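These features come from Swiss-Prot:
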type: REPEAT; residues: 276-322; note: repeat 'Kelch 1'
type: REPEAT; residues: 327-381; note: repeat 'Kelch 2'
type: REPEAT; residues: 390-439; note: repeat 'Kelch 3'
type: REPEAT; residues: 452-499; note: repeat 'Kelch 4'
type: REPEAT; residues: 508-558; note: repeat 'Kelch 5'
type: REPEAT; residues: 569-619; note: repeat 'Kelch 6'
Amino acid sequence: MERKELSYTIQSWSSYSGAFHPINILIDNPHQANSRWSCNTSICKPNNSEEQYVILKLDKLALVTDITFGKFHTPHLCNLKDFIVYGGREQHLMFPLLRAGLTNDSNRETFPLCIKKYNKIENSIACKYIKIVPLQAHAHEFNMSIWYVALHGIDSASALSCTEKNRALHLEKKALNCLLSYFAFKGKLDICSVILQSYQLSIPHSPLMRMYDAFCRLGDTQKTILLFQQELQAEIIEKWPKHKLTKLRSHRIATFLKGISRRSGHQMVYNPKDNCIYLYGGWDGVKTFSDFWIYNVDKDLWIMENEYGIPGERVCHRMVIDTSQQKLYLLGNYFGSSRETEVPPDARTDFWEFDISKKVWTCLSYDTSKDGGPAAIFDHGMSVDEKRGIVYVSGGCKWDPDELVFEGLYAYDTKNRIWEQLAVRYEDRQKHCEFKIERMGHCMEYFPDENKLYIFGGQSYDQEFILDMCYIKLETREAVQHVRKNDTSQSPSPSFCQRSIMDSKNHRIFTMFGFEQRNIHKVLRPSLWIFYITTEEWVKISDINEEEGNEHPCSRFGHAVAADLNRNIIYLMGGNASTHPLRPMKLSDFWKLDILDRWGIKHCLSNVSLQLHLHRFHELVSENLAKAVEYLQKSMQPQFDKSPLFWNALILDAFSGTHKNKDIAQRRFETFQTIYDLLPVDENTVAPNESLLNMIEFFT
C-alpha cells in the first residue's frame with residue numbers, strides 16, 4: 001500500500017483577514033508574505049469563544065496518515081503555537097487526531113494523524129474531511145496563520161476495505177459490551193447468556209462481575225470484601241498499566257552548613273561500585289568553584305577530594321561515568337558572557353579523565369578543537385556507551401563574540417583516544433522534520449539496548465525554549481524525530497537546563513524540569529516526567545510529599561542529579577531558584593527521591609478496600625450505632641492510615657443520622673461505581689452500569 005500526497009479543496013472556514021484567504025494554503029510559497037490563511041483579528045481575540053477553523057475536503061475517501069505544515073522562509077510570530085486537527089467521514093462527525101504546536105522557524109513540520117478509537121494501537125482512520133482549529137499564535141497580539149498544508153495517506157480500495165471491516169467489528173463489540181453491561185446492571189443474567197451464546201462469546205465470570213453480584217444484588221458486603229481480597233486484587237495487579245504506577249517521595253538528606261556551598265551549574269554522578277556520588281564545580285553567583293567532592297551513601301558523609309587543583313574552576317560543564325572502567329569524563333566550561341568583544345584567552349575545551357580507583361586526574365586534551373573534537377563549549381549534552389567505550393557530546397554553546405553558535409555531534413573513543421564528528425541524516429519519511437542537534441541546555445541520554453541516543457529540550461538560536469525530541473540510530477547515523485501525542489497537555493512544556501536520567505532496564509527516561517516556557521513567558525515551575533521509550537509517550541509523575549503539603553524540593557534549574565537505579569533512588573542537589581539575572585538564589589539543599597514503582601497499585605487497592613469498609617460502616621450505623629463505632633475502631637483504624645480528623649468526621653456523620661433514610665440499594669450501586677472508577681478497566685471490560693440509557697438519551 002503506497003503512501004502518497006492527497007489532493008483536497010477548501011470546504012469551509014470560520015473567517016479570514018484581508019487577502020489572507022484559506023485558499024492560499026493550497027500553494028507552498030514560503031517567500032510570499034501574503035501566501036497564507038489568517039483568521040480575522042477581531043474574531044480571534046483570546047476572550048472570544050468563537051472557534052476558528054478551516055475544513056479541507058479530500059477528493060477521495062482515504063486513510064490520512066500525516067499532515068505537513070509549511071511556513072514562511074523566516075520565523076514568524078503568526079505561526080501556530082497550538083492547534084488541533086480533526087478528521088472523519090462526515091463534517092458533523094469528526095474525531096480529534098492531533099493536538100500539537102509548530103516550532104517558530106522556517107522548517108516544514110510533519111505530524112502523524114491517528115486515533116486510538118478502534119483498538120489500543122494508534123491507527124489512521126478513513127477521512128473525507130479534515131478540520132484544522134488554530135488555538136494560539138506564537139504572539140498573542142498577532143493573527144493566527146497557516147502558510148501551507150499537505151496531506152498524505154493511502155486511498156487504495158483494499159486498504160479502505162480492511163479499515164472498514166475493523167471499524168465495523170470494533171463498533172459491534174462495543175455495542176455488545178454496552179448491552180451486556182446494561183442487562184447485568186438490571187440483573188437480567190439470562191439475557192446476557194443468550195447474547196453471549198448467539199455470538200459464541202465466553203460468559204464473563206470475572207471477579208468484578210461476581211463482586212457486583214454479591215454486593216449490589218445480594219447485599220452481602222462481607223462476601224464482597226472477601227472476593228476483593230481473594231480474587232480481584234490479583235486481577236488489578238495483572239491489568240494495572242505500568243505507566244500509571246510511578247510516584248516519587250522526597251526526603252531531605254542534609255543542608256550544607258560547612259563544606260559544600262550554595263551553587264548551580266555543577267555536575268554530579270553516581271558510582272554503583274563504591275556506592276558514592278561524585279560532584280564537581282559550580283557557581284554561587286560570584287565565585288566559580290574547582291572543588292571535587294565525594295559523598296559516601298553508606299556513611300552519609302561528604303569528603304572533599306580536592307579544592308583548588310586540576311581540572312580547575314568550571315561551571316556549566318558536563319561529567320559522565322563509565323562504571324565498567326571506573327572512569328569519570330569531564331568536558332566544558334562557561335567563561336563569561338558570550339557577548340564579550342573578545343574571546344577569553346583561556347576559552348578552550350580541555351578534556352579530563354578521572355581514575356576512580358587511583359584517584360588521579362589525567363588531561364586527555366588541552367584543546368579538543370585541535371584534536372578533532374568540539375570547540376570551547378558549555379551547556380552541552382554528554383553521555384557514554386560503556387560497552388564500546390565511546391563518549392558522545394552534542395550541541396552546547398561555542399564562544400563567538402558576535403552571535404550564538406552551537407556545536408554538532410561528536411564521539412570520543414576512550415580506547416584509541418580519537419575524536420570523530422558524526423554526520424546525521426534523517427529518515428526519508430521525515431525529511432521535512434529538521435531536528436536541530438545544534439542547541440544548548442538540552443538533555444542527551446544513551447540507550448544501550450538499541451544503541452541509540454535520545455536528544456531533547458534546550459534553547460535554540462532565537463533563544464526560545466524547545467521540547468522536540470529525536471533518537472539517533474548510531475549504527476546508521478540516522479535520526480528519527482519523535483512527534484508529541486495528540487494532547488499537548490500530555491507532554492512537558494519547552495524547557496531549558498532540565499536534567500535527565502536514563503533507566504535502561506525499564507526503558508524509560510526520568511526528566512526533572514524547572515525553567516519552562518509557558519506561552520510567551522519563561523517561568524520557574526517544577527515538573528517531573530517519565531518518557532517511555534517503548535510507547536514513545538510522556539507521563540507526568542508527582543512527588544507524594546508535594547501532594548500532601550509536606551516538605552519537598554522547590555522549583556529550580558541548573559541543579560545536579562544522580563541516580564542509584566538498583567535501589568530506585570534519585571539524588572538532587574543545589575541549583576538556582578531565581579530567573580532574575582541580577583538576583584540569583586543559589587541552593588545547597590540535598591535530596592533523596594525514592595522511585596515508587598508500585599505506588600499506583602497500592603493506592604488503588606487501599607482505596608477500593610476503604611470504600612467497601614466505609615459502606616459496611618454506614619450499614620452498621622443504620623442497624624446498630626454501637627456496633628458501627630466498634631467496627632470503625634477495631635476493623636478500620638488499624639488497617640487504614642488516616643488522620644484523626646478523618647475518623648472524627650466519620651463519627652460525627654454517624655451520630656448526625658443522615659444515612660438512615662438513604663436507599664440502601666442505591667447506596668450500594670453508588671459505592672460500586674466509585675470502586676469501578678478506581679479500577680484499571682479497559683473498553684473490553686463488561687461491568688454492570690446504565691450507560692446505555694445515557695447514550696440513548698444523548699442521541700434522541
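Every residue gets a Cβ built from N, Cα and C, even glycine.
Note that this is a predicted model, so its numbers are computed, not measured.
In terms of DSSP secondary structure, the repeat 'Kelch 5' (508-558) contains 4 helix, 30 strand, 17 coil.
Confidence across the repeat 'Kelch 5' (508-558), taken as the mean pLDDT and rounded to a whole number, stands at 80. Helix, strand and coil counts under DSSP for the repeat 'Kelch 1' (276-322) come to 0 helix, 23 strand, 24 coil.
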